[in-house]
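As written in TrEMBL, here are the features:
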SIGNAL    1-23  signal peptide
TRANSMEM  165-188  transmembrane segment
DOMAIN    240-370  domain 'Heparan-alpha-glucosaminide N-acetyltransferase catalytic'
TRANSMEM  249-267  transmembrane segment
TRANSMEM  282-303  transmembrane segment
TRANSMEM  315-334  transmembrane segment
TRANSMEM  354-382  transmembrane segment
TRANSMEM  403-422  transmembrane segment
TRANSMEM  483-506  transmembrane segment
TRANSMEM  513-531  transmembrane segment
TRANSMEM  551-570  transmembrane segment
TRANSMEM  582-599  transmembrane segment
TRANSMEM  619-637  transmembrane segment
Amino acid sequence: MSGAWGAGRALAALLLAASVLSAALLAPGGAPERGAESARPRDKKRHVELKMDQALLLIHNELLRTNLTVYWNSERCYHCLFQVLVNVSQSRRAGEPSIAAVGVSAQHGSILQLKATEEEKEVCRLEYKFGEFGNYSLLVKHVQDGVDRIACDVVVNEDPVDSNLPVTVAFLIGLALVIAVCFLRFLLSLDDFNNWISKAINSRETDHLINSELGSPSRADALGGDSQLEAWGPAAAPQRLRCVDTFRGIALIIMVFVNYGGGKYWYFKHSSWNGLTVADLVFPWFVFIMGSSIFLSMTSTLQRGCSKFRLLGKIAWRSFLLISLGIVVVNPNYCLGPLSWDKLRIPGVLQRLGVTYFVVAVLELLFAKPVPGSGASSYLFVPLAQERRCSSLRDILSSWPQWLFILLLESIWLGLTFFLPVPGCPTGYLGPGGIGDLGRYPNCTGGAAGYIDRLLLGEDHLYQHPSSAVLYHTEVAYDPEGILGTINSIVMAFLGVQAGRILLYYKDQTKAILLRFTAWSCFLGLISVALTKVSENEGSIPINKNLWSISYVTTLSSFAFFILLVLYPTVDVKGLWTGTPFFYPGMNSLLVYVGHEVFESYFPFQWKLGDDQSHREHLTQNIVATALWVLIAYILYKKKIFWKI
């Protein structure tokens, strides 16, 4: 045990050292971003103070007798109305341009449209990608090159900073940590490799303490026994599938990082509407792996002789606790006085997990049947005679009633989404509303999904700051964890159940498992291709996290099967990786999630920054906070402290 414990302490020390090194390199005074972030440009005469992800644009109007209105749009804003950026007065005399200064977004490419103010006639239009804290001039003037025309040219006065440099530094630190851990394992193996492996396996004896569907799954004889699914006898001591806990931990740690801010980078925030960012990946993966845990845990529990009625009570109680805990977490009122019931947000992450867990778990429990002719308290999901006839498809045929129910649910989602009349909105609308679609449907955010939530829950009980508000200027409340999207969360979890069923039905058949993971990943990927036409906005059903569109579910499920395709042989079959450090938070997922939400604003997870407009400082803070939760999960694992409900 001492060898494994020593390796664990070394890992904890490396993790803490990586956090300290990150702070040293990324905080002010280290790894400078060309010195520009500490002294952001400011045009004192015009009082333009640049914020994060902005550049300074000086517009030089050399046109006589022509006042200009400059309009702006982001290339990420699909079919959006142009927004007034600034007005520039006419030049008073030749060679003396009128100048206006304004901050412009540097996150994505910008589309600038210049119009003569009085005539509303377009003078010119251009697209340009500004860099953060750069200084640019837009020169508007008459030119003579055979014909008299107006030219609009962008000139760089001061180069922008490399705002992605902190991410690169953090990545290199993480890579160095991985190499250091691998080297440490190599050194330990030189002493007594077989003895070290034996001790490492023995150090997992505490695993049987956890058997929570949301927490960590287990299965009986998952890594041994005959390849055919026979009537099981009394349950043996379960062995863990570490790849499941590792996958859960990966999703959870990324979730913690992006919830803490992700360094304020746009790709670590949720998409404004259609499309995918890193932040959009993690919640569906968590739902997917929860589905796998449901199947593996339920099978093991029924095998141990637990009655269906008792298990149903546990499922209902856990769902109730998740929903209740979620309502508490999403309605913090630490310093805001008494909670107003009129403004209580009802949907949320844990609430959706609770509802999804209940539906999927009850669905699986409902169709769990004792094996005919067996005196053992064993449960499978298909008669053995049918299983033997179609052994290669038993993981699908065994659950045909569940699949029918899931297809019915998806039909309901499609029917409501595309055929439910929404007052003042086109039927089947999937857009963000606001200034999108040329501003024709400003109050139609989310179409049927938003309408159902506002109708049944009330606008005051929904999320008031949706991700669409910044780019699309939406004004109505919209909740990404709303009612209609829960249907596709259930579909996502059931696809996770399918992954768990494959792992159990084909135990010890690595090739069969990997083949099925590959097939499911490709199949779901092809569905996504057909629905989206490999585009962000042009498909019949775009990938959309806010709507939890079916293409979003198939795409993320395709990714999830691929990740299991990599993790299962690497972690459970070959043992090339133990899942460290993600395994530890994956074992205590509920505690880490609730803890990071509750203590988000407390030291040492947050502190006052020297420059709150610095990506570097935000990234340092968020990396340290995330690493601390990994360290906390590791310490709790070693102390055998697990929170389950």
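Using the three backbone atoms N, Cα and C, a Cβ is placed for every residue, glycine included.
What you see is a predicted model, and the numbers here were worked out from it, not measured in a lab.
Taking Cβ pairs closer than 8 Å, the transmembrane segment (551-570) reaches residues 241, 243, 246-247, 250, 276, 280-281, 284-285, 288-289, 488, 491-492, 495-496, 499, 503, 510, 513-514, 517-518, 520-522, 524-525, 527-528, 531-532, 539, 541-545, 576-577, 579 in its own chain, all 6 or more past its ends. Within the domain 'Heparan-alpha-glucosaminide N-acetyltransferase catalytic' (240-370), the DSSP-based counts of helix, strand and coil residues read 92 helix, 3 strand, 36 coil.
If you take every residue in the domain 'Heparan-alpha-glucosaminide N-acetyltransferase catalytic' (240-370) and average the pLDDT, you get 90. Nonlocal intrachain contacts for the transmembrane segment (315-334), taken as residues 6+ away from its ends with a CB within less than 8 angstroms of a stretch CB, comprise 212-214, 344-346, 348-355, 357-358, 361-362, 365, 594, 597-598, 645. Within the same chain, residues 52-53, 107-108, 163-164, 166-167, 277-279, 281-283, 285-286, 289, 563, 579, 581-587, 589, 592-593, 596-597, 600, 605-606, 615-616, 618-619, 621-623, 625-626, 629-630, 633 sit at least 6 positions outside the transmembrane segment (249-267) and bring their C-beta atoms closer than 8 Å to a C-beta of that stretch.
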